[in-house]
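Participant: Structure incoming, see below.
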Amino acid sequence: MELKIARAIIKHGLEDLYEYSDVDVAIVGAGPAGLTAARYLAERGHKVVVYERRFSFGGGIGPGGNMIPKIVVQEEAVPVLRDFKIRYKPVGDGLYTVDPAELIAKLAAGAIDAGAKIILGVHVDDVIFRGDPPRVVGLLWVWTPIQMSGSHVDPLYTQAKAVLDATGHDAEVISIAARKVPELGIEVRGEKSAWAEVSEKLVVEHTGRVAPGLYVAGMAVCTVHGLPRMGPIFGGMLLSGRRAAEIIHKDLVEEVYAVRA
């Protein structure tokens, strides 16, 4: 029995890693923006992998507002909630409350059911780039416990037509690319203090491509573009993820037509 368990895990786990070493879109971060983008991209037929450094979904959703188990979503994001069949309650002024556990579970299930592959416990260590001018064409990664231990272990690669940084406040992938590939011309300006009403709009407007092959969504947008933070209102995160999916899909389709031409 034990041997069968071990071989089943090794065989099918390694098959998944092999299959998803070459994808259309690699998303880093399984928070609200990353999971939303994954669902909308996967249902458009793109091969999507999501890497999450923790062994759980949701990013900053779980703690709610200062550990009170509710978060807020504004009117504009209600269509996204409906797409994922997430329940919400009106509180007035175009705002709604949502249960954090339900939001996490249904965002993740929606992405998985659409065809995205989510791999937990992955630390993205670097990007792959090609060309002059350069383009991001993939990622380097190790398992999170290896990174946390400080052990010197060479990472493995994932090839991707598009990489989406949805890592939250730290904008980890874009910060690495900005530092190590200065020819990409990326400036990480740093997140500002809170102004929720303004930032909820700006985070969606500034979602998109920051360099060839490299995109940003969610709180990482605030860090890259120097926007205010917003706290436990998550509509902007959902809308940012949806917009990132729309932009990436458009770019990938245009690239296919350009190659055929």
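Glycine residues also receive a Cβ, built from the backbone N, Cα and C atoms like all the rest.
Sharing the feature lines straight out of Swiss-Prot:
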BINDING   Ala33, Glu52, Arg53, Gly60, Val124, His152, Val153, Asp154, Met219  NAD(+) binding site
BINDING   Asp154, His169  Fe cation binding site
BINDING   Arg229  glycine binding site
Participant: Hey, how far is Val153 (NAD(+) binding site) from His169 (Fe cation binding site), Cα to Cα, in Å?
Facilitator: 26
Participant: Of the binding-site residues Ala33, Arg53, Val124, Met219, which sits closest to Asp154 (Fe cation binding site) by Cα distance?
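Facilitator: That would be Val124, the closest of Ala33, Arg53, Val124, Met219 to Asp154 (Fe cation binding site).
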Participant: Let me make sure I understand the structure: which of the binding-site residues listed (Ala33, Val153, Met219) has the fewest other Cβ atoms within 10 A of its Cβ?
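Facilitator: Each of the binding-site residues Ala33, Val153, Met219 was scored by Cβ atoms within 10 Å; lowest is Val153.
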Participant: Of all the binding-site residues here, Arg53, His169, Arg229, which one's CB has the most other CB atoms within 10 A?
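Facilitator: The residue with the most neighbouring Cβ atoms within 10 Å is Arg53.
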Participant: Relative to the Cβ of Val124 (NAD(+) binding site), which residues of the same chain, six or more apart in sequence, are found under 8 Å away?
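Facilitator: Once residues fewer than 6 apart are set aside, Val124 (NAD(+) binding site) is near Val28, Tyr51, Arg53, Leu139, Leu140, Trp141, Thr167, Glu172, Val173, Ile176.
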Participant: In whole Å, how far does the CA atom of the residue listed as 'glycine binding site' lie from that of His169 (Fe cation binding site)?
Facilitator: 9
Participant: Rounding to the nearest whole angstrom, report the longest C-alpha distance spanning Ala33, Glu52, Arg53, Gly60, Val124, His152, Val153, Asp154, Met219, listed for NAD(+).
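Facilitator: The span, Cα to Cα at its widest, is 31 Å.
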Participant: Rounded to the nearest Å, what's the C-alpha distance separating Ala33 (NAD(+) binding site) and His169 (Fe cation binding site)? Just drop the number here, would you?
Facilitator: 12
Participant: Going by DSSP, is Met219 (NAD(+) binding site) part of a helix, a strand, or coil?
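Facilitator: Assignment for Met219 (NAD(+) binding site) reads helix.
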Participant: For Asp154 (Fe cation binding site), list the number of other Cβ atoms lying within 10 Å of its Cβ atom.
Facilitator: 7
